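Undergrad: Look at TrEMBL and you will find B:646-870 tagged as domain 'ABC transmembrane type-1'. Per TrEMBL, the feature transmembrane segment maps to B:26-45, B:115-137, B:149-172, B:275-298, B:304-326, B:402-420, B:472-493, B:513-534, B:546-567, B:642-671, B:691-711, B:851-873 (among others).
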Amino acid sequence: MTDDITTKKGKSVSSRDRVDGATYAVVTIALTLAVTIFAFLFLPAIALPMLLAFVFVTAVGWVTYQAEVARILTLIATVLTVLTVGFITFFLFARALPAFLDHGLDLLLVPEQDNGESRWFFWLESVLPSDSTFWNPLSGAYSLIPMIWGTVVVTIIAGAVAGPLGLFGALFISEVASDRLREIIKPGVEILAGIPSIVYGFIGFQVLNGFIQTNFLDDGASFLIAGLVVGVMALPTVVSVGEDALSSVPQSMGDGSVAMGATEWQTMKSISIPAAFSGISAAVILGLGRAIGETMAVAAIMASGTQFADPLFDIFHANTTLTSLIATQYGSASESTVEVLFVAGVMLFVIVASMSIVAQYIERRMQRKLKGQQ
Amino acid sequence: MSNAYATTDQLVSAESNIYDRGLDTAIALSVVGFMLGFVTLVNLVPPGASGSTLTTAFGTLLAVVVGAVGITSLASYANVVPVTSQRVRGVGLGLVVSTLALTAFATALPVTMATLLGIMLLAEALAITAAGVSSRLELVDAEPNMSAGLLSGGALGVIGLVMGAAVGGALTGFGSRLWLGGAAVAGVGLFLLTILPREDLGSTLPTAIVVGALGLTIVTGTIGVGWQWNPQTLSGGFTGGAVIPVFLLSGMLLSAWSAAKCRAGFGARGREYGAFLVINLNAFLMVAVMATIVVFVTVKGAGYAVHGLTVGALTALVLLTPALLVAVKFARTPAGTNDWNSGARQLFRVLPLAAVGALAAMFASVLVTGSPLRYVYDYTVQVNRQGKTLDTAVAVTPDTTIGTLLLTALAMVLAVAFFRSFGSLRKVGVQSERARLIRRAVPTVVLVFVMLSTLFLVLGPAPFGLPLGGTLGFAAVVGGAVAASGLVVYPLAGVLTSDEPTLADSAQREAPLFTLGVFGGLGLLLATLLLQPVAGINPQVGPVNLVPVIALGAAVASLALVALTTVAKRSSEETITRRVLAEERRLGLVGAAGFTALLGLHVAVTSTSFTVLGVSVANKGSISWPMVMEAYIPLGAEPGGIMPAIIGTVWLVIGATLFAVPLGVGAAVFLTEYAEQGRFTAVVETATNALWSTPSIVFGLFGAAFLIPRLGGDESLLTGMLVLGFMLLPLVLITSRESIKAVPDEYRDASAALGVTQWETIKSVVLPAAMPGVITGVILGVGRIAGETAPLILVLGSTLNAKAGVNVIDGFQFVSEPPFIVNDALMTASASLPTQVWAVIAAGVSGSPQMGWATAFILLMVVLTFYAVGIMARTYFRRKLNYE
């Protein structure tokens, strides 16, 4: 913008004017947006007029200084996205904080025992039958321990299903299948990921719970069915991420092995899988994250139960998980219960987000390694 | 992988001997056993079945297998899908042989399903042992290694541990610790038996022992149909009905692996075949699970979902038009590859066309004979917690009414499709002076009409008390309509009166009239048409409604143009002329579709139905689909439908997309094009990825904590939209970023070299190139959020049996105090498809499972449609990128 801009009519507009105008436009847009956000946060009633003002200013700016306004708009979009992440984190923690302060570590303890003291939770201890009530909002018993255990059991079963099957599926798509078959199976896996969780839940609720009653003499809901269903739901994640990892192994590595006279399976077993191992583990981590966060299927299959299974490994027992606790209790919960539910939400958020970050780190490291930059 | 494996083909097509054939049959038998395991597990055929039930079941299986193998071998014989591998052929033959044998067994002997399954396991064990021993005795040609390897040893050792524990526990009880001893002995024994002998014995004997033991347990009735084991400590137990299928699944998987190893002669190649078989079975399993879910929900829900669906035959025909065009296009697609020459393959090309044609003929026959086509069935509704069966039917009636929405939408789609295939007729033919004059005049007239419309829109049909609408407007509409009809007839008349020697030449010469007639006529008639509602008039000439008659006439005239050019094209030899005529024909099709759309639009804006020759176009069409078009009817004879939920889902998706797409694409543009690639972008990327995998219920909590207090304090549609938008945002951002990154830097450099500014480059080079990826990502993301339930039950509530859909468009109101615009519809809770399913579950015994299945079916179809469209769009764009 150093030269003067010559308009069609031969009049020259100083570049200074243009820059100033653009600056004004950009600053006005940014200001109105900031005011809109503040209004939304603290005085929601006037947020809409402010939003309209922002839209108007933007429209005017778009007509006059399109390039600059476009730039600031994309910046705004970025800032809003980052703000979203920030708001989610902040408001979850903020709503959970009162419960943290009220109950502190009680949320992770076995509730009061005979002597009136809450006990530290030791896994071994609870293998023994315990009669204490873990969750009863009416009497103020808020222990999330059984729900955490429920999440753990469901995730373990789901992992046992999704891990090996997912690895084999990824191998099939990336190495074994012919091109034409791959064109069919890959979208098929994606569609499997697209089936809504409530549909899985409805099938589990209507059919599988009855199935397990006749075939496994159970009284209805069970960890086993919930885990199996969640495993099937996590399967596509494992397959597609694992397949990406396997395909990112350079072709030359496999070719080298084949040139040495190895069979395809030997190449897969000794070259592809070891080279993509970290990517595959990232796939399993992401799949487990998906399983931990799965709500509706679990809530539909196991709607109730807030006590420990006895013994702990009793997979025919039913119990709510962290997610289904939120889904089933939120509607009827009192204010203090809601705060505890937010604590459960914070746990889920932190665990799954950190799993995602770990998986991303592993994937990136593998990519770097395979590209030979390390 | 690469061509390095070319030798595999030669290996597998080597001639096979009796050993190979036997093992192929063993593999086939284990595949059949694997499938039968599933069949018994889901109780399709109970393990206790015997007699005629069993015979019928195996008869069906035989029919399926023979049919599938037969068709495949026919296709192979006809060279459509050539099967060269001897192994695949052998397994195919083995499938037929083993099912035949099983059927014979089931018919001849008085056995139950369970016993038969046990016998299958025993037969497998025998076959594997025989194969292993004959290889050890050097009777066959094999290349076994010294040992089966630690991997197989470990796997079999674990199996041994489990079996040893089970047997030990069953014999001594789990109270004493003796079962541990049994487990250890069996585990270590199998491990050693696997790794110590040469590979041919090491990989057959242990499996044969395991499979044989499983088979014996079933055959001897140790674990029979009525068997139960209910440990005191667990809340559940095990029954024969569950354990026998599980035995079969694991035993057959094991024996398939072992037999495959034997078949390929052990060694490296044997291991490969074994591993590949297991991997293939696993893939088959995944596809089967997916297909089962979809088919199951369809079977359970489709009957209820389409109850009372009736379609007028003419409407059905209109609906078929796009399918017909697609089928024609598919059939016309030229053969791309060299081997695209056999008659069988060409048959596949015309099959869809034949199918669509047959359907069309069926609907046409309904119109001709006047007797409806009905499929009568019954479905179950829930009344007072009891199932009640109602009769219903899906019918095609001889109704000749066509709805305006359907007609206009379809005709518009067709017009756009034809227009896209239309190239250009610029600089073709000779333009007369008069045509040039008219060409100049048309835009001016259209502009005048638009200004007139605006005037009436702002001031009403009678501005300043002057009845302009009835006079000036009337005259304008009549004049415009007549002028439009003149424009359309002009090319027809021009061609027919031209003095060129042949029809083709005159059609080529008068090409400018074609564009003028079609585009000018369309534009003028559209402007005229829109003038009608704002001026409050609908000109009639006697009993005839002017505008639709002219639209219909124009459509017919356009079709006449199509016919004319087709005839001319047939008689012409010259390539250029033929090309021009093909373009003109497409233009004629654009005109026909466009004028039909205008006809529908006229009826829609004036609400006056239009009838000609018994066919009527009306606002209320002849499709009646109670499930989708009606709300719940309390205490009615019929249950009604879930229209409110569908409308709710539609609005949620629209709102979320409007929120997330601009934000996501904008952020992607900034991060990729403007921002310095470094720590900041990496952090944002990590954060978005983390956001993408955040559990959906957490989004619901966020919406409840952050949005609800600021948006009216109660569950509302707007909150639902925003929450789903937050969920969609990371996916849009990730996919947009990927596709923007994938645009080659050369594009940007070339644009910059031309002196184009950065923003102009982004706008006209980068974004258009990245658009396919963005669109695909958005479609797939929308598919995911359309089925999202967990956040909605926190921020939208779950309504069962809603009686009215939200009306967002009419809900907007202007008020004099802040916030100036209110929309009550957006601020109230609404039903939606996923929450409706959840409401059925939450209602417990008072919920209607049949309606739940139907809702789940519709939800599944909606979501799968999004996914199918997204995946097809991606394939389409990718092909376009690769081949063009």
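Including glycine, each Cβ sits where the backbone N, Cα and C put it.
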Undergrad: Per the 3+ Cβ pairs under 8 Å rule, pairs at least 6 apart in sequence, do the transmembrane segment (B:642-671) and the transmembrane segment (B:275-298) touch?
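TA: These two stretches do not touch.
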Undergrad: Going along the chain, which residues at least six beyond the ends of the transmembrane segment (B:275-298) come within the CB cut-off of under 8 Å?
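TA: Distant contacts of the transmembrane segment (B:275-298): 27, 31, 34, 38, 253, 256-257, 260, 853, 856-857, 860, 864.
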Undergrad: For the transmembrane segment (B:513-534), name the stretch out of B:149-172, B:402-420, B:472-493, B:546-567, B:691-711 with the most CB-CB pairs under 8 Å.
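TA: Between the stretches B:149-172, B:402-420, B:472-493, B:546-567, B:691-711, B:472-493 has the largest tally.
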Undergrad: Which residues of the same chain, at least 6 past either end of the transmembrane segment (B:402-420), have a Cβ under 8 Å from a Cβ in it?
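TA: The answer is 312, 314-315, 318-319, 321-322, 325, 586, 589-590, 593-594, 596-597, 599-601, 603-604, 615-623.
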Undergrad: Given a Cβ distance threshold of under 8 angstroms, which distant residues of the chain, six or more beyond its ends, lie next to the transmembrane segment (B:26-45)?
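TA: For the transmembrane segment (B:26-45), the nonlocal Cβ contacts are 53-54, 57, 61, 65, 91-95, 97-99, 102, 113-114, 117, 120-121, 123-124, 127-128, 131, 241-242, 244-246, 248-249, 251-253, 255-256, 259-260, 263, 277, 281, 288.
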